[in-house]
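Everything on this sheet refers to the single structure shown next.
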């Protein structure tokens with residue numbers, strides 16, 4: 001029986017599938033798998049199930065001389081050297097569609113949380129309390145009727161747009177390609193990045209990360225935004241220059257931010273933790289029972305397909 005190495009615990013539905021077709025070795029230690037353990041694990045393995053937090057670099061790929069597939073448990077894949085994997089004729093797959101609804105739900109949840117100061121209000125209610133209802137007390141911003149600017153109208157961005165339309169929001173989007181069919185379906189308008197930054201009341205980042213996207217949102221971009229804008233990032237941390245974001249918040253150049261991802265993840269900049277107009281969540285975009293179960297089935301089936309000589313779904317290289 002061929003071996004699969006699983007770089008961390010995954011839901012049982014996927015693990016059982018793997019156990020039916022492979023000798024399964026899984027990292028069960030505390031925290032993230034370290035490089036030496038990963039290199040040891042991929043030796044003699046035909047398939048690797050990697051997590052978003054698993055750094056699969058050239059050294060790891062070279063150690064996995066028998067690898068046919070690296071099935072990444074997540075929609076993103078910037079944790080893997082996909083070009084080098086291609087050179088080695090190793091398929092790399094991801095789990096794109098499984099994350100769509102969960103991540104879109106969280107994105108809109110972050111919009112509401114930061115605009116209506118929900119987390120801040122929860123903390124107040126649990127600590128000092130409040131003196132009762134008052135006309136000027138704890139005001140936030142309404143979402144309905146505002147303009148949302150979506151960076152990246154892929155599967156997740158489109159799902160965010162549909163939810164935003166249910167709030168009677170006007171939808172702007174930007175990306176490398178115009179998507180006229182989706183524009184008609186959703187009621188979205190394509191604009192360039194600068195126009196989106198200048199006109200949106202809420203900016204959500206839902207684009208996939210690649211090196212060209214690094215620090216797409218930096219000091220110059222913050223200066224283009226409305227002073228009342230909220231920035232929401234549920235994609236990848238390095239798309240936003242985190243120190244520039246901190247400065248924009250401190251200088252009141254923008255009204256608030258809600259982040260599920262971080263530039264130096266899992267580390268979170270201390271300044272972000274100290275600001276009341278920032279909502280922080282621990283990279284839980286697709287952290288639902290439904291999504292995570294589906295993701296585990298997708299990676300398991302991809303690995304099974306690869307060892308059976310079939311082309312797996314969702315190859316990214």
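These residue numbers are counts, starting from 1, taken along the chain as shown.
Even glycines carry a Cβ here, placed using N, Cα and C.
For the NAD(+) site, Swiss-Prot gives 155, 156, 234, 235, 236, 283, 284, 285, 286; the one candidate out of 131, 201, 260 that the record lists there too is 260.
Packing around residue 285 (NAD(+) binding site) is summarised by its Cβ count: 24 other Cβ atoms lie within 10 angstroms of its Cβ, all protein chains included. Max Cα-Cα distance over the annotated NAD(+) binders (155, 156, 234, 235, 236, 260, 283, 284, 285, 286) is 18 Å.
Look at residue 285 (NAD(+) binding site): DSSP puts it in coil.
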